[in-house]
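Notes follow once the structure below has been shown.
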Amino acid sequence: MSRMAEQQLYIHGGYTSATSGRTFETINPANGNVLATVQAAGREDVDRAVKSAQQGQKIWAAMTAMERSRILRRAVDILRERNDELAKLETLDTGKAYSETSTVDIVTGADVLEYYAGLIPALEGSQIPLRETLFVYTRREPLGVVAGIGAWNYPIQIALWKSAPALAAGNAMIFKPSEVTPLTALKLAEIYSEAGLPDGVFNVLPGVGAETGQYLTEHPGIAKVSFTGGVASGKKVMANSAASSLKEVTMELGGKSPLIVFDDADLDLAADIAMMANFFSSGQVCTNGTRVFVPAKCKAAFEQKILARVERIRAGDVFDPQTNFGPLVSFPHRDNVLRYIVKGKEEGARVLCGGDVLKGDGLDNGAWVAPTVFTDCSDEMTIVREEIFGPVMSILTYESEEEVIRRANDTDYGLAAGIVTADLNRAHRVIHQLEAGICWINTWGESPAEMPVGGYKHSGIGRENGVMTLQSYTQVKSIQVEMAKFQSIF
């Protein structure tokens, strides 16, 4: 693909030049080619976007629930019509295989938007009788202008996960995509406008997180920030949001999730789940089950099943339908993952497979890392303690249910957890003791629109998807009505 035209900001229904004068480049990680130069939003651009959003939000909130629902449903239709076009752009920008982006990223994002479009008429208040002449009623009102700050691993899906409930509740959103993968969020803005969204209701500001993101979190005109990213950045976002204007926040901050295989499990099923929990999207999924606990007596058999499945991984041309494994999203990220792999070797973990870059067959110029499985791991190892966000699985052994529950919970993170077992009683008994916000039994990874997702501990605050997320983009107003004569004590 030839280099794209310089990408601008999207404010008030159209493209506009950034006032900052700064730009950055977005790279195709499969081959290192520059996809586009992108303009970076500065402080004045954030001010412009907020003013635009304030104007648009008043128009949007004044529409009926059915009017808003119809517009969002039109956006869903356009997303599905352009699924392949958007998936190709997502593959170029992220490096993910087209077989994945064309069946997951836009599809699931559109599902979430359709879900919230259908929920809009269900945003209701309540009536509370107090006595014969006195009652209270409540209204759910939009927050106003909110900000979404996205991560680089699921660019358009995250933009939809954040904008869908916000817009459904009558808010306007200013979205800052990751500077690593900014392209499809701009296309989403075009689609919203084409569907009939009033100008200003969805503005997109590409830029560097430490600048553009900080300006958004500090701006007094923004009522809430929804952030997806790392813990350190999340703490800064939360601190800035509180210090500026006590903004509400939703935080999704990653994890180091346990996958527990019990001795009664079907090891073929367990191996299939472990593969998806570690190598889907080349390991760049926040919920990945990178700490795989297996009974000591099952370790050797489990390892053989994993090795057999690693052989089925197909890296190569990301647009080949048979390719199911792409490069990492960027060269700096690849280098960071490789540093973790070196650390694992130094600390005594045994490499079962992988452990280096992938080369040959057109891969030499890309950010490729081989699917890597470490075994003979221990809880104190760096690769077991820290989030790597790459194709790196750690296999650990255990002896008892009590032991594995304790060790699974021995982490600052609490985003996800899963177990594989044939015993239904054990499944629920153990899941109820795991300190994680998203749990799977005999499966892994699916996050449907109806399912609230989010973390415990350092993995986040608040939830995305589900009914409760729609409500989190509203504020409740209570109105007391007295029908009798008011009695004053004076």
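Keep in mind that glycine also has a Cβ here, set from the backbone N, Cα and C atoms.
What Swiss-Prot records for this protein:
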{"type": "BINDING", "residues": "T26, I27, D93, V180", "note": "K(+) 1 binding site"}
{"type": "BINDING", "residues": "G150, A151, W152, K176, P177, S178, E179, G230, V231, A232, S233, G254, C286, E387", "note": "NAD(+) binding site"}
{"type": "ACT_SITE", "residues": "K162", "note": "active site, charge relay system"}
{"type": "BINDING", "residues": "L246, K457, G460", "note": "K(+) 2 binding site"}
{"type": "SITE", "residues": "E248", "note": "site 'Seems to be a necessary countercharge to the potassium cations'"}
{"type": "ACT_SITE", "residues": "E252", "note": "active site, proton acceptor"}
{"type": "ACT_SITE", "residues": "C286", "note": "active site, nucleophile"}
{"type": "MOD_RES", "residues": "C286", "note": "cysteine sulfenic acid (-SOH)"}
{"type": "ACT_SITE", "residues": "E464", "note": "active site, charge relay system"}
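Each residue contributes its Cα atom, and for L246 (K(+) 2 binding site) and I27 (K(+) 1 binding site) those atoms are 36 Å apart. Cβ-based crowding with a 10 Å cutoff singles out D93 as the top-ranked of the binding-site residues D93, E179. Other residues of the same chain near the K(+) 1 site, with their Cβ within 8 Å of the Cβ centroid of T26, I27, D93, V180, are E25, N28, P29, L35, T94, W152, E179, T181, P182, L183, V329, S330. Within the same chain, residues at least six positions away from V231 (NAD(+) binding site) with a Cβ under 8 Å of its Cβ are L253, G254, D412, H458. Note on proximity: of the recorded positions T26, E248, K457, the one nearest P177 (NAD(+) binding site) is T26, by Cα distance. For the binding-site residues shown (T26, S233), fewest C-beta neighbours within 10 angstroms: S233. Classification of E252 (active site, proton acceptor) by DSSP places it within a strand.
Annotation for the binding-site residues I27, V180, L246, C286: lowest Cβ count within 10 Å of the residue's own Cβ, L246. The closest partner of S233 (NAD(+) binding site) among the recorded positions, by CA position, is E464; the full candidate set was I27, D93, E464. When the Cα atoms are compared, T26 (K(+) 1 binding site) and E179 (NAD(+) binding site) turn out to be 7 Å apart. For E248 (site 'Seems to be a necessary countercharge to the potassium cations'), other Cβ atoms within 10 Å of its Cβ number 18. The most crowded of the active-site residues listed here (E252, E464) is E252, judged by how many other CB atoms sit within 10 Å of its own CB.
The Cβ of K162 (active site, charge relay system) lies under 8 Å from the Cβ of G148, G150, M173, F175, S226, T228, E464, each of these being in the same chain and 6 or more residues away along the sequence. Across the structure, I27 (K(+) 1 binding site) and E248 (site 'Seems to be a necessary countercharge to the potassium cations') place their CA atoms 34 angstrom apart. Each of the binding-site residues P177, K457 was scored by how many other Cβ atoms lie within 10 Å of its Cβ, and the smallest score goes to K457.
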